[in-house]
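Contents: one structure, followed by commentary.
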Protein chains: 2
Amino acid sequence: MGTVDYTFPQGADEPHRRHHTVEAPEPQPFLKSLQYSVKETLFPDDPFRQFKNQNASRKVVLGLQYFFPICEWAPRYNLKLFKSDLIAGITIASLAIPQGISYAKLANLPPILGLYSSFVPPLVYAVLGSSRDLAVGTTAVGSLLMGAMLSKEVNAEKDPKLYLHLAFTATFFAGVLEASLGIFRLGFIVDFLSHATIVGFMGGAATVVSLQQLKGIFGLKHFTEATDIISVMRSVFSQTHQWRWESGVLGCGFLFFLLSTRYFSTKKPKFFWVAAMTPLTSVILGSLLVYFTHAERHGVQVEGIAVGRSFAMFKNYNIDGNKEMLAFGMMNIVGSLTSCYLTTGPFSRSAVNFNAGCKTVVSNIVMAIAVMFTLLFLTPLFHYTPLVVLSSIIISAMLGLIDYQAAIHLWNVDKFDFLVCMSAYFGVVFGSVEIGLVVAVAISIARLLLFMSRPRTAIKGNIPNSMIYRNTEQYPYSRTVPGLLILEIDAPIYFANAGYLRERITRWINEEEERVKTSGENSLQYVILDMSAVGNIDTSGISMMEEIKKIIDRRALKLVLANPKGEVVKKLTRSKFIDDKLGREWMFLTVGEAVEACRFMLHTLKTEPASKGEPWNNV
Amino acid sequence: MGTVDYTFPQGADEPHRRHHTVEAPEPQPFLKSLQYSVKETLFPDDPFRQFKNQNASRKVVLGLQYFFPICEWAPRYNLKLFKSDLIAGITIASLAIPQGISYAKLANLPPILGLYSSFVPPLVYAVLGSSRDLAVGTTAVGSLLMGAMLSKEVNAEKDPKLYLHLAFTATFFAGVLEASLGIFRLGFIVDFLSHATIVGFMGGAATVVSLQQLKGIFGLKHFTEATDIISVMRSVFSQTHQWRWESGVLGCGFLFFLLSTRYFSTKKPKFFWVAAMTPLTSVILGSLLVYFTHAERHGVQVEGIAVGRSFAMFKNYNIDGNKEMLAFGMMNIVGSLTSCYLTTGPFSRSAVNFNAGCKTVVSNIVMAIAVMFTLLFLTPLFHYTPLVVLSSIIISAMLGLIDYQAAIHLWNVDKFDFLVCMSAYFGVVFGSVEIGLVVAVAISIARLLLFMSRPRTAIKGNIPNSMIYRNTEQYPYSRTVPGLLILEIDAPIYFANAGYLRERITRWINEEEERVKTSGENSLQYVILDMSAVGNIDTSGISMMEEIKKIIDRRALKLVLANPKGEVVKKLTRSKFIDDKLGREWMFLTVGEAVEACRFMLHTLKTEPASKGEPWNNV
């Protein structure tokens, strides 16, 4: 630790010959810093903080509450809370029943499974889950993905039993994977899917699911198994003679009904329950219509159906910590053993749950009981549910997932993010859901690497009448200092950008030397690198610094570092860059102090050309 | 652009009610910023700068000089330069001939090809290349890699002709790949291999190559085709009865000779030529020995041999710009058409070239001519060259590539980089060269992503008697300000770290609130985020900022931003975060000014609790 002179800043006229020294943080033993890294990587939310400084019995209680959140809220539960949860639960049940039945078709599963999946998993989540707003159930995209993947292995129509077993097995392993991600605290892997890719992927998946519903809307009997837009469109328009106008009219009518009520509820949020009730109303209306008019004889297909949901996880992963992952995992493991398939917390239904004023996860229990009653007493009704109504329900739900406003926002804020979003969208729509997912992840990572490999650098100038130095592009009124080139590096230095930074810094120096030459100013003497934004450096970065030092020395210039951060000082010291190459006296706490020292040197050199060393340290 | 008051800093006692405004950089049209990004991504070294502001005929001359550097130096070439190049050329030829012959075996190719490859490609490089120090030739690792890959497809012993054609085809496509990387300016892809992985990979490859030479040293007839250490050791020790002591003694003798001369040359750099001449001397001595003693009848195997080199590219990629890539590509394309195989600029030989005082690429021409003479007149000699001498030469060259000092340096400076290095090393030694390469690249990228996803954050405190605020861990004497929490984020905010930063910032606030509660200090009022090190932000990062703002609002605290950079201000403005959520008046140019304003507000609120707004702007 160096000594510090607290004499700065003094009056504006007096030369500042004393400055603050740059400190290195207290050296840490390797094991301690490793422990710190592991903690920050896997436990950034410090989940066990509450256990600190507690006695053993209290720790057991807190532990129970941690792993079974029900222990926390159950003792304090009362009738008032239950009233709110009852209303919310019935509301989400009215959404879960028709949607559950509708989504089943997407996964090629029997409809009853959609209802089972809205019964068992919510009960498991009620015990293990910690989010009060989350409504558990299947999702359209999850169902579609499952259907597409399993169909590759087994034909659902030819061997329904094997297909069913495969679906339960897949659900079981999805649960195991989720639970282990939670246990090993690897939930952060989901962070590598950027917001933009999720918007694109969800939009694409919603488009694909909607396109699939054209089969139901037009009452077609044969339909392509492919999901890409070209195959689907070819399939639809190659059999125009098969279109059934009765089915089409009914579909468009219900779709209009669903969309207009949703629009109404969006405009008047108090009437959120109108939109929430419409799907169930549609199913009942549709079924009654079929029952009384025998529409099934006029091209309106009727079927008992199937259900699915697990991808909205992406949409609300903000709520899901690693612990939620564990709860989801358990939910699917238990679910797979009780004839349920992939479930998660769909965003749209959770939003309805929130709007309906749910207070605890009891709303999920209420929903489960409502679904149970449906299973026991109302299943005969679904025998008459027309396919076209279910198609309308799916399309209307899917249109809500196409977040075109988010895409417009991306275009306005960040063109590259928009490009990423569109690539994911078109990957899904023109390729397949799997291709879209791979494209989305690959582009996200590639974007990150490209971002990293080309950090910004800028010339800094002095903000007049201050000791502050800022980017001259951002602050055009800032003034550069003659004889000095002040550069800032805007990102940590790693191997991926070390080569680029070497080229770029060399170019800045070339350009400055040329500019000085043509303008006839004082020749360049010092290159000050502002390291404020360099949070970290690796060994390739250190090599780069050594090369830069050599390049600068060869031109008879002097390299000066301003405000290197703790981690950087530590590594540069260990690699002997500071002591053997740079010289500790060429490191300053601020750009301002570095400039003062350089100007003082310039002045001293002019008056006493023989002087060597760094005189301001000896004053 | 806001207005600026130049009244800061004033005296220390007067409250600073005026501050600098944060500026956004001049908005750029999309195409212009795209053009900038493309330029920085693909042309960071600004290769066409010299063409600016020149007339057409000058441009043609410069263009010729750019693509054919020979046009630049040839007119100025003189006898004095040639003298230096002649010495350097003969020196590297004396190294190239035995090494070329030795490496051929690694690629399972006829020895004569090693000499061809030291003849044609250097001549091509002399016309197109721009590095004067580079010595063109084959490399051990490149030869090994080629041998291992081609042997999987074709057996070199059973079908030598097909194998030969395959080798030329592979060389041709390697050339095409190199040339296209150069033309499309994609040389930066090589940047994604970190220094640490290269040290590990090269060390591993050198170990593997050395192990393969045990066959030659012990005079074994049968040997495993696998390259991993376990297979090789099993192969060597399972046939101890086949070891030939004559061969072993000869091998150890030559190895000692080679290593001791190299040690001598390292200690006395003036005598670099001693080490450079030793391999050729060994070959001649060994051949004469065989010729006169008929050692081939006593277990010393004799063979005409083969050559290879292309991986040291990694070692000296600093010199190779995209243009060098193009030169290398052309070199291999032409080479493949003239019975040469994969060549590049091996690091060790280039170092000898440099030490020997080469001035231009003419040293390569001299080497080529020396090799030609060897081809014409000395090939009969190689008929008697004992295998064991060539094995010794390879081992001695390989031991120089095992950079254990670099590994120790990595351990001292950066434990994680050391881990990466060791993974690459053991991947090659225990797996294969391909596995090692894949492991090295994968670990490099994973490390980068892990680095990115967990940036450092820190509390800042005031350096006494200044307006400077710094990390309290690095500067333990800095003092935190009561009622204020000053946090710095040490990296650009992207989707990969947005989730983590949200958790971490929330935790900092929690911890600070708890600390304040137990210590009985003034309650927390303001959270100042120092954005100096946030060089860029993406849309996920903007969402994170919005969430942080909500979290802070919910606790009745106030969010303040200090020194947001241009790119960040631009994107936050476009997404309406600054105007609709934060309020432009809560952005400050420095942490110091932000603290002044907050303290002023705290003071005002205490004396006039009804006051609202930001009074310091209205003074």
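The backbone N, Cα and C atoms fix where each Cβ goes, and this holds for glycine too.
The shown structure was predicted, so the numbers you read here are calculated from the model rather than taken from an experiment.
Sequence annotations record features per position, and here TrEMBL assigns region 'Disordered' to B:1-22.
Under the heading transmembrane segment, TrEMBL lists B:162-186 (among others). Outside the transmembrane segment (B:162-186) by six or more residues, the chain places 42-43, 107-110, 113, 146, 149-150, 153-156, 310, 322-337, 339-342 with a CB less than 8 A from a CB of the stretch.
Residues or ranges marked as transmembrane segment by TrEMBL: B:192-211 (among others). Residues 106, 140-141, 144-145, 227-229, 232-233, 311, 314-315, 394-395, 398-399, 401-404, 406-407, 410, 414, 417-418, 420-429, 433, 436-437, 440-441, 443-445, 447-448 of the same chain lie 6+ residues outside the transmembrane segment (B:192-211) yet bring a C-beta within less than 8 angstroms of a C-beta in it.
For B:271-292 (among others), the entry in TrEMBL reads transmembrane segment.
Here the transmembrane segment (B:325-344) has Cβ contacts under 8 Å with residues 107, 109, 113, 116-121, 124-125, 128-130, 136-139, 142-143, 146, 167-172, 174-183, 187, 307-313 of the same chain, all six or more residues outside its ends. What TrEMBL records for B:325-344 (among others) is transmembrane segment.
Cβ atoms under 8 Å from those of the transmembrane segment (B:364-382) belong to residues 85-86, 88-90, 92-94, 96-97, 100-101, 111-112, 115-116, 118-120, 122-123, 125-126, 129, 134-136, 283-284, 287, 304-305 of the same chain, restricted to positions at least 6 beyond its ends. According to TrEMBL, the feature transmembrane segment maps to B:364-382 (among others).
Sequence-distant contacts of the transmembrane segment (B:389-411), counting only residues of its own chain at least 6 positions beyond either end whose CB sits under 8 Å from a CB of the stretch, comprise 98-99, 101-103, 105-106, 140-141, 196, 199-200, 202-203, 205-207, 209-210, 213, 215-217, 250-251, 254-255, 258-259, 262, 279, 282-283, 285-287, 305, 348, 417-418, 421-422. Among the features that TrEMBL reports, transmembrane segment is placed at B:389-411 (among others).
With a threshold of 8 Å between CB atoms, the same-chain residues lying at least 6 positions outside the transmembrane segment (B:423-450) that come near it are 141, 144-145, 148-149, 192-194, 196-201, 203-205, 207-208, 226-230, 416, 496. The feature transmembrane segment is assigned by TrEMBL to B:423-450 (among others).
What TrEMBL lists as domain 'STAS' is B:474-598.
Per-class residue totals from DSSP over the domain 'STAS' (B:474-598), listed helix then strand then coil: 67 helix, 21 strand, 37 coil.
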